Structure formats: structure tokens, C-alpha cells
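These features come from Swiss-Prot:
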- 29-49: transmembrane segment (TRANSMEM)
- 57-77: transmembrane segment (TRANSMEM)
- 94-114: transmembrane segment (TRANSMEM)
- 123-143: transmembrane segment (TRANSMEM)
- 147-167: transmembrane segment (TRANSMEM)
- 182-202: transmembrane segment (TRANSMEM)
- 223-243: transmembrane segment (TRANSMEM)
- 255-275: transmembrane segment (TRANSMEM)
- 291-311: transmembrane segment (TRANSMEM)
- 317-337: transmembrane segment (TRANSMEM)
- 424-444: transmembrane segment (TRANSMEM)
- 477-497: transmembrane segment (TRANSMEM)
Amino acid sequence: MPDMGVFLLATQAVAPPGELLNLALNAGAIAPEGAVLVAMLATLLVDLAGEQAAARWVPPICYAGLGTALVLLAQQWNAPLEPSFLGAFLADNLAISFRAVVALSTLLSLLISWRYAEQSGTPIGEYAAILLAATLGAMLLCGSTDLVSVFVSLETLSVASYLLAGYMKRDARSSEAALKYLLVGSAAAAVFLYGASLLYGLSGTTSLQAIGLALLTSPTPLAALSLVFVLATVAFKIAAVPFHQWTPDVYEGSPTPVVAFLSVGSKAAGFALALRLLVGCFGAFDNQWKLLFTVLAVLSMTLGNVVALAQTSMKRMLAYSSIGQAGFVMIGLVCGTEDGFAAMVLYMAAYLFMNLGAFACIILFSIRTGSDRISDYAGLYQKDPLITLGLSLCLLSLGGIPPMLGFFGKIYLFFAGWADHQYLLVVVGLVTSVVSIYYYISVIKMMVVKEPKEASDVVKSYPSIKWSTIGMPPLRIALVGCVVVTAVGGILSNPLFQWANNAVAGTPLLQEAIALGSQRSIG
């Protein structure tokens, strides 16, 4: 049985010989996902008791489940690596980092969801359960090391995301967004399955490590074709150009808290998938997939930031902004160095807070005004200084203005790219960062510079606001927390980068890829 021999060879790097029982199960590796699953089931049971019981008990159940998951993830950090479920899942530091980003994005998305759901008349029990299901799929995807577990996790995330996008059934735009997302996502899933079938046919196994070993020993044109199919699926999940067409329409039509989760949690899972598949499986085609991702990164940074200039809707502007941000993260992926991977992890953590902070401000503004138009923010500083300050800081961080957290995230990415001689990516990144600063600053100027007589009609009729730190509602807690981390995180960038370096150092997959890349550069 040659495939079993390849399988054992692939798993010896992470599991001592003879520990086949741990290799077969080791269910403790998915204990954080178990906490999320228990919270999801409890949410569904509470929802059966009625809307009043759900409104009272669903939020604390979600907080408890996600909080427990984060604690369990912290306990797994730097723990001995033991593959789970016959090598289908591995809780290395890379998986822990991305799973933590996903869990935190869900927690913050829920904090900014309750008020929105209450005003729109959305049943929060069903909504929270579906969001937790998407979280479960995304977290499992971050640690999946087998084609079967990758596909099951990917579809769990995708199906839950389709339901979330169309959750506002009375809104035609939400239904349209869900339909578009479903059609494009189904096509991406079919393409992935075709690529996975080619990989299985070429290697005789579904283990990603074993597939990587098989392709290293005998690369074939069919393997290159499977690379194209897999890369298309990854590009769809991270909304890279030219696989981005669904993003603006889905972001505009979906409920805003759902967009917040899709822009961070789903994207983080997509980049974790990219690392597992491209670095783990296609080491034999390292130059080819890096060239393709270089093209995707240049297109994403350019189109995402240029088209965002013309947007009049805040959600559409942030949709195109997220496409550009994905291009920045791809710089670290293309580098394939320790600094590149670490900068990639750091920027995803920074993006979590600055993007969700911006969405928290947008949701609070839309709840009070019912508007999403950028022009309606004119003169907002007169009526709501906190939203103005919070949104301004988050947008400045997204643009890479010092001393915000986003500035240091981009600097680390650009330094890693320059050190790896990725001059084209760095130059395009710098130019498009300047372009992004223009449309971010234009929103800030709209809010701050306008005279009282030039304020929009929406702001003129803005309700009076009384801020108090005592008994702050969840939406304001999320807003203040994200803004504080975004503003102060730049000061703590060195410890954060050390954490990101530890994530890379504790991941054998990335260390092997770095060593292989060094050998090729020397040779």
C-alpha cells in the first residue's frame, strides 16, 4: 500500500512513531470548535422558548462559547503537535492564530449585531446560530490538513455565509446578494472539487502533506492544472481580482454585521487555506503559484483602491477597500520568508480591529439615520463626536497613517517584500496606499471640515446623543474596544510582531517551506 507509506512519511514530522491512537483521534485539538458547537446548539434550544427568552439568553451563551474557545486556543499555544482524526486536522501555531482571529471577529460581529437585529426585527437566535456555524466552519478550515476536511469545512462556512447574506428576507437586496453569492460560491466549490480530484488521482491520498511529497517527486502537467483550479477557489474566498465580482454586491445587500464578519473572519480562513494548500501541496510549483499570486496582488491592490474612489456608499467603498487590503496581505504570501509569513499574520490581526471598528461606526450611524451614503456623513462631528473620532482613526489605520496599528502592519509587509526582492509588489503597494489614503481622508474631511450650514439633512435631523461609560451597550463596547486597539496597537507593534513570529516558528509546514526556499535561492 504505497499511499499509506506516503501518509506515514508525511506525518512523522509532527507525530512520534507509535502514537497511532493519538493520530487517529486526539479530539482535544478541536476543543475550541467544540465550545463553539455547544454554544450554537444551546442557542437553537433557547430560541425554541420564544423571542423574549432568546433576547435574554442568546448573547451570554454566545459570549461564553466564544470566550471559552479563545481560552482553549491560548492553552494550545506552543503545545506538542499531534495530528487529529487520521491527520485531517493539525492545531499548530498558524492554525491557532487564524482561529483566534476568526473567533474574535465573530465575537465583535455579535457585539455590533444585537442592536441592529433588534431594530430590523430579526430573530437573534437563528441569526446567532448561523453565524456560529460559519465560525465553526472557518475555524476548522484554518487547521484542516486533508482534502476531505478542507472541503467539508469550506462548505460549512460557505453555506452558512449564504444564509447570513440573505437573512433579511424582506429586503430584496439581501435576497439578491444571497443568490449571487450562492451561484458564484457553488461554481468555486465545483472548481475546487475538480482540482482536488486531480490531486487525489495523481497522489493516491487526500493528505495535503502526502500530496506535497508526491508532487515534489513527480510533478506533472495535470498537477499544474489542479493548481489553477485550487488557486481560483482560494482567490474567490479572499476576494482577489479577478474573482471579486461578487464582493461589492454581496457587501452592499447583506446585513451590515454579516458584512463585518465576511470581511474579516471569512477572509482570514481564506488566507489560512491558501497557506495550507499552496505552501503545503504545491512546493514543486513554488515559482508558478507565486507568479500567479503576484499578478493577483497587483490587480487587487490597483483595482480595489482605484474603484473605491468612485463609490458613494460606505459599504461598497469598504468592499473595494477589502479587495485592496487582500492584495497587501498577498505580499507576505508571495515572499515565502519568515518575515513575510509573520507580517501576513500580523496584518490580519490588525485588520480585524480596524475594519470591524469602522463597521461598528457605520452600523451605529445607520441605526440612527437609516443611511449608508457617504455624503450623509457631512458635518457629523457636530452631533456625534465619538463616531467621528472612531471612524476617523479606523480609516486612517486602514490607509496606513502612523502611528496607527495599520501603518506598522503595512510597514512590516513592505519590508518583507523589499528584503525578498519583490520590488514590483512593494512599489504598487506604496502607490495604491496613497490612493487609498485619498478616499479615506475624503470621508474624514466630509465629517469634520464641513461648516454647520453645509451639514447634510440627515445630520441636521440626527438624534441627540448622551454618552456614558456606565452600562455601555454592546455596540459601543465593540466600537470603543476596536478604536482603542487600533490607536494604541501601533505602540505595541513589536510584541505583536513577536507573537506573529512565534506563530510562524511553531508551524512545521512554514518552516519547511522557508528552508526549501532558502536552498533554492542558494542553489
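One-based numbering along the chain as shown.
Each Cβ is built from the backbone N, Cα and C atoms, and glycine gets one as well.
Within the chain carrying the transmembrane segment (123-143), a Cβ under 8 angstroms from the stretch's Cβ atoms is held by residues 29-30, 32-33, 36-37, 39-40, 43-44, 46-47, 51, 54-55, 58-59, 62, 65-66, 69, 89-92, 94-95, 98-99, 102-103, 106, 109-110, 113-114, 117, 149-150, 152-158, 160-161, 163-164, 167, 258, 261, 265-266, 268-269, 272-273, all 6 or more beyond its ends. Residues of the same chain lying 6 or more positions beyond the ends of the transmembrane segment (94-114) and with a Cβ under 8 Å from any Cβ of it are 32, 36, 59, 62-63, 66-67, 69-70, 73, 76-77, 124, 127-128, 131-132, 134-135, 138-139, 142-143, 257-258, 260-261, 264-265, 268-269, 271-272, 275, 345, 348-349, 352, 356, 359-360, 363, 473-475, 477-479, 481-482, 499-500, 503-504, 506-507, 509-510. Remote same-chain partners of the transmembrane segment (223-243), defined as residues 6 or more beyond its termini with a Cβ less than 8 Å from a stretch Cβ, comprise 154, 184-185, 188-189, 191-192, 194-196, 198-199, 202, 215, 266-267, 269-271, 273-274, 277-278, 281-282, 284-285, 288-289, 292-293, 296-297, 299-300, 302-304, 322-323, 326-327, 329-330.
Comparison of 29-49, 147-167, 255-275, 424-444 by number of C-beta pairs under 8 angstroms to the transmembrane segment (317-337) places 424-444 first. When Cβ distances are compared across the two stretches, the transmembrane segment (255-275) makes contact with the transmembrane segment (147-167), since 3 or more pairs at least 6 residues apart fall below 8 angstroms.
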